[in-house]
Amino acid sequence: MGLSLMIARRSLLQRPGRTFFSILGVALGVATVVGVVTLDHATIEGYARPRQAQDRPDIELTAARGETATSDLLEGLEGISAASKFFQNEVMVGIEGDATVPAGRGGAAAGGASPRAQLLAIEARYAASFGQFGLAAGADLSPDATENEVLIGPYLVEEFGLDLGDEIFLSRPVRAARQRCEDGQLVAVPRGETDRPNVLPFRVVGILTREGTGRAAGGNVAVVDYEVGRELYRGVEIQPRFWAVKDPGVDLERLQRSLGATYSYALNRGIVVGQAADERAFRTGVRMLGLLALVLGLYVIFHTLSMSLTERVLEVGTLHALGATRGQIGRVFFTEAVLLAGAGALVGVLFGVLLAFVAVKFGITTLGVGKYVQGFVVPWGLVGTLALLGFLVALVGSVYPLVAIGGANTLSALRGDDALRQNKKATRRFHLIYAGLLAVLVPGLYLVLVPVVGEMTGELVTVLLGVVGLLTLVVVLSLVLPVALSALCAAIVRPLTSFYPLAGRLATRAMQDAPARVGVSACALGLVAAGFVGLHGMTASLSAEVTNWAEEAVDDKVWARNLPPTNYEELSARLAEFPGVVGVEKASARQFAPFLVIGMSSSTMGSYGVFAEEAALADRFETERTIILSRRLARDLDYAIGDSVQMKSHNGVVLGFEVLAISDAYGFWPSPDERMYGVISDHWMRQDFCLASDVVTEVCVRFDDSAPMTDAGHLGVLKAALRDVFPEADDVQYRIGEEIRDYALKDIGRDFFVFDLLLLLMAGLASLGVLNGQLLATLERSRELGVLKALGADRGQVGGAMLLEAIVVGVAGGGLGVLLGLAATPFVVDALDTIAGLSLPKASAGWWIPMSFAGAVFVSAVASLYPIRRAREFDAVRAVRTK
């Protein structure tokens, strides 16, 4: 092994350029994929956890009125993996037989009322399924217990000096007068007869840690079985509610569709982050680009190893002549591959983590740009596994020299003949195996290590197969059918031979003699160009969707904020007197049940939208429990006109609201900027939720299209109208629909900037492929270049031939990439349309098509500059003599 290490080290040090760029190629590939997975992990951990209620499960459910619900029935629903009845309230704690009489024991106070604690009553057999509390000591509640059991928080342990096995007494507090919503008013409900709480003894079987439920109320919490809790609150009406755990294999929208017809539900904000349809599509896209970068990096190392064998044919022949066995020579190449791949993987890990760290600090995440997260968590286990995967696959590429030297002849090798190209059948077979490794096995392992975000639906499987298919096509073209690509390049350069005779002939011969090198370089450039064309075709479709939405939702509207509190009916009547005003919307009454619901009046919305198209809908909107859903909400949750939306009223009763219409014409407000919402009548917002909206401080005014939305047009009219109504108000803020549309369009470009960054890294990888190929070809052809110089060829002619070759490879790769990108764009748009729940029109990448083509040519030309410099430095006499 010492000889192998010495020769490998000597080879790497004698060729610093090849060594540096080979390591850089592997490092960039590993760094990109490590940066992607680290950034995504840091995003979700840092963005979701602070927003997650630690003492709440994924979902809280309440069944609709008249519906029968049990934990077993809920577990049978799609998207639910565990469910349990629960309720929360307060409880009085004592230790001497009467929870209303204090007892001085341990640290407990000897006078006054017993402390109140927060009570959680949950079915004992399911309690541990939710992971909402941990135990510092003891055991979970037993469903088969023969006595009442309780888990207590740290505060109760300290307050009463309690320990496992101690007995405590719990009772509900004496009830105060309750309030309920009746006819839009909160009224007190009399208690009736004297309230006598039920006191029950409990055995302490567990002590909670200070996390989740154990952290609630400062640790002043008690957990009991659901039925025992009901016994504590005997005589008190308890609305059945459920905790549920989301099945991670089911998409959020499918879960919401499963629940929406029968249950009112609230989602823990932590599970929503990164799980919405558009966010899942975005994160999956970033992860797929990481996969492409990894494959490109491995592409580069295989290309380098296979080319270095031909370049070092004399060294192989010398080793043969000195008596080295085939195994010893193979160990030399293997050792060199270990050093190259190992150094590249290590540098890639460090650079990838640094890349993710810098991105997080600048607000670049896998949920978009401008989202600043707390902390920075690196998934070292996943990072190490991915780096090991890249390292091992690169080592497999080092087997190629062993295959290639199988038919080598020592004398021919010493003469510099093409001795190592004799075993063509074995080489072709190995190329096929490695093509399958890069295009199938690596993506498969990657998807196991970095699973897709959300449910593995048929649409998502189609997208993933499309990505793998694209990889297969590119890899097979370059490794299995390189002659076709090199012939295409030679055909492109042939017409230029009349203008540049020597450079043209040299470039043509070089490409025909090295089809594998040309194929790999062209396909790498094509893959990146296809990525740019496909990405910007997709963003163009997203921009077109925003424009279509804006035409209905925000165009011809102005939002006025910071108004003095005023009566809505009076203000809308005054504004209606001004020219161009066709409607006035309000949003002072809002609730989330389980999405944003806004209370509005149809009296000022009859001149536009669905009410203008069908006047009878306005009457139903006011007199029946109906709701208008935004188009995105209806599409994501699969609602249609006539469906029922379940919402929990102020009194805890779940009521059904019929979907009256699906429209974006009403209800959008830039704060919060939410396109998934519903609109109900003011009457029902007041009647069922006791939320009044008579007084407003902000309004949205809809104008006709008779004038522009400027100070000289409708905006000026509104400003004058509000100055007339509120002469003292000088801080009113205005926002027009055009600003909202432009911001949404800029937001798309800003969010997808992370894709451009990844594609630029991939462009760097592709350029390294071109550079390595030309550099190794230059070293291989050193004798030929020396002879040319000896015969009078100047540096410009030699460099011109190499530059011409690089430009032609760029033209071929760019053209191939543009064609692949144009073919893939409709497929990508349709997939995003299905996965993200959008309605995307087809759009072209526009000027990015010629830009991608020109970029491929430019990258290839720049990559050739270093090999050209090396070729110009060759000493003609020395090159001829040493060869």
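Glycine residues also receive a Cβ, built from the backbone N, Cα and C atoms like all the rest.
Look at TrEMBL and you will find 19-259 tagged as domain 'MacB-like periplasmic core'.
Under the heading transmembrane segment, TrEMBL lists 20-39 (among others).
Residues annotated as transmembrane segment in TrEMBL: 285-302 (among others).
As annotated by TrEMBL, domain 'ABC3 transporter permease C-terminal' applies to 288-406 (among others).
The transmembrane segment annotation in TrEMBL covers 337-360 (among others). Packing against the transmembrane segment (337-360) from elsewhere in the chain are residues 8-9, 12, 19, 22-36, 38-39, 42-43, 46, 297, 301, 304-305, 373, 376, 378, 383-384, 387-388, 390-391, 394-395, 397-398, 754: each is 6 or more residues past its ends and has a CB under 8 Å from a CB in it.
As annotated by TrEMBL, transmembrane segment applies to 380-411 (among others).
Marked as transmembrane segment by TrEMBL: 432-454 (among others).
Marked as transmembrane segment by TrEMBL: 460-493 (among others).
Sequence annotations record features per position, and here TrEMBL assigns transmembrane segment to 514-535 (among others).
Under the heading transmembrane segment, TrEMBL lists 752-777 (among others).
Taken from TrEMBL, the feature domain 'ABC3 transporter permease C-terminal' covers 758-873 (among others).
Within the same chain, residues 466, 470, 473, 485, 488-489, 492-493, 496, 500, 502-504, 506-507, 510-511, 518, 521-534, 537-538, 766, 770, 774, 778, 785, 788-789, 842, 844-845, 849, 852-861, 863-864, 867-868, 871-872 sit at least 6 positions outside the transmembrane segment (798-827) and bring their C-beta atoms closer than 8 Å to a C-beta of that stretch. The transmembrane segment annotation in TrEMBL covers 798-827 (among others).
Sequence annotations record features per position, and here TrEMBL assigns transmembrane segment to 847-868 (among others).
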Which range wins on Cβ pairs under 8 Å with the transmembrane segment (847-868): 20-39, 514-535, 752-777? 752-777
Chain residues in Cβ proximity to the transmembrane segment (20-39) (below 8 Å; excluding those fewer than six residues from its ends, i.e. six or more beyond): 286-287, 289-291, 293-298, 300-301, 304, 340-341, 343-345, 347-349, 351-353, 355-356, 359-360, 364-366, 378-379, 382-383, 386-387, 390, 394, 446, 450, 758, 761-762, 764-765, 768-769, 771-772, 775, 866
